Amino acid sequence: MPASMSMSKLLSPPPSSPPPALARNSGRRVAPHPVLFPLPSCSCSGRLTSRRLFATNCSSSDSDHAASTSGTTLAGAVGEADSALTQESDCSLPFGQLSSGIVLRTEEQSLLGDGAPSPASASTASSLLPASPDQRKGGSKEDDHLGETPAYPAAMNALYAACLAGNATEQLWNFTWPVAVATLHPTSLLPVAVLGFFTKLVVFAAGPLVGEVISLLPRIPAYRSLAAIQTAAHLVSAATITYAFVVHRAPAAATASLAASAQQLLLLRPWLAVLVASTAVDRLSCVALGIIAERDFVVQLAGAGRPVALANANATLSRVDLLCETAGASIFALLLSKNDPLTCIKLSCVISLCSLPLLIFLSGEMNRLADGIFDHSENTISHTAAPSLSIAKTVKEAVATIRHGWSEYMRQPVLPASLAYVLVCFNVALAPGALMTTFLIHQGVSPSVIGAFGGSSAVVGILATFLTARLVKELGILKAGVAGLIAQSALLGAAVIVYLTGAVARRGALFAFLGLIVASRVGQMAYSAIGLQVVQTGNPASKAKLIGATEIAVASLAELAMMAVAVVARDASHFGALAALSATAVAAAAGLYCSWLANPTDELRRLFPS
């Protein structure tokens, strides 16, 4: 039989029963999927994309042997006409990669729908027939759609819900406890500053160690345990503050002349030590939960090679956090306007207890929807050695872990962007927080105004997340960070000028001062989202938690320095010095970031080619 007739019979489908791939086609005849026919990668490389079913592999000798064997078989059946194709199969596609191709096809079929043609048949047709401009545009749109879609959309929604439940209680607590503690000493910043100082000190010292420990633990049990520890810390802090109210008000009612000496003895009171410890545990738990969610969960659920999906997920997490800040400020203002601070503390603890079962459920549901990808720890290395009870060895390992974290942090290719974020964290005075709340209470501002200030700051932050996306589209991710830092620096500088002129004693000037701080949140939240993605892009996934925990530790060092200044200042009349230092730190962050972009390195150009 002639070779041409054999070839036509081999390549022509039966007229009565078309294959399933052709049955789904829109009436146009396309050659069936050549299972035994290896496509030469040299001639079709221009049409193959990164999502094709097969991938060229010329390095494996076993694959080359399999390809040449299949080519020889086909040559024996067809004749001399196809022997040239066999000789060109040095770079042909090995059959050993069919298993990974099946996984890719299954994932894309689930995203494109059941009625869409399989990627294998699509790639075969595109390699045999010339692609029209409409097909090329459609493929580009399909690539964009898959790049914007997370790998596990339902699990990502469960993560958003878990962050909403956890952050809501955290933000409410952050608004409640400074008011209660500030009420103990109405004329001094000392109690709030001392609590903030020691809390930041603990996070600074133990931050890298926490990042390493949570990398070794199973993700879902660790997340649930940290949520339970945080709730327990809230309960202990509430009990301690309740005791402090009883102890503080008894001598104050007896003799008001002992108020000055009471401030001197504040650091020696046992309840303050307990409150410092519980607050530090609460903060460490919050840091660990944030690292797990922002550096692990969101990256895994977004999927590898999907930067648009990761950027959208980061922006959504920022909006969730700011929405919780808005809700926390609003609920706080409502509770404080109708109740005393001690009652607000108790109600905040009740809300924390109610949210804990929801957090536990949502974390498990997220893992189930993600096909159990978080069932094990990130570090799969098994430690078979028997645990040592030597305290000296344990301390030595902890110190080595902390040093390793600092070493990895200093060697990261995007270190200036991280240091700029650290400098922004120096701004603890001109931002909604414990010191600002204490300052406003000392100024005699009503609780409704304090709540409105916190809520409006959060709302502006939410709007900033939408503005950030437009900035990144127009300027690029790196230049958008410059715009955010410069805007924040300019607005905070104006706020400091308003304060130092002494005009804040008037109600209108005070509102202008607060309005400038609220407006500066646009730049702050813009750089927060942009800087996070820059650090995520510049560091490998295996070091993300360690570097992230160390970055938070360095940021806590910055806040620690500002809290130390607040402890030294003590009196609320020295708030202007804290405000000036905060604005100066943000200006320094803008200068550092701009100088980094003005002198880009080869590594920076590689990571961000645009």
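Backbone N, Cα and C define each Cβ position, glycine as well.
TrEMBL does not curate its annotations; it predicts them automatically.
What TrEMBL says about this one:
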type     : residues : note
COMPBIAS : 1-11     : compositional bias 'Low complexity'
COMPBIAS : 12-21    : compositional bias 'Pro residues'
COMPBIAS : 116-133  : compositional bias 'Low complexity'
COMPBIAS : 134-147  : compositional bias 'Basic and acidic residues'
REGION   : 1-27     : region 'Disordered'
REGION   : 111-148  : region 'Disordered'
TRANSMEM : 419-442  : transmembrane segment
TRANSMEM : 448-469  : transmembrane segment
TRANSMEM : 481-502  : transmembrane segment
TRANSMEM : 508-534  : transmembrane segment
TRANSMEM : 546-569  : transmembrane segment
TRANSMEM : 575-598  : transmembrane segment
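The stretch with the most CB contacts under 8 Å to the transmembrane segment (419-442), chosen from 448-469, 481-502, 575-598, is 575-598.
Taking every recorded stretch in 481-502, 508-534, 575-598 and counting its Cβ pairs under 8 Å to the transmembrane segment (546-569), the highest total belongs to 575-598. When each of 448-469, 481-502, 575-598 is scored by its Cβ pairs under 8 Å to the transmembrane segment (508-534), the top-ranked stretch turns out to be 481-502. Here the transmembrane segment (575-598) has long-range neighbours at 189, 416-417, 419-424, 426-431, 435, 439, 478-479, 481-482, 485-486, 488-489, 492-493, 495-496, 499-500, 558, 562, 565-566, 569, 604, meaning same-chain residues at least 6 beyond its ends whose C-beta is under 8 angstroms from one of its own.
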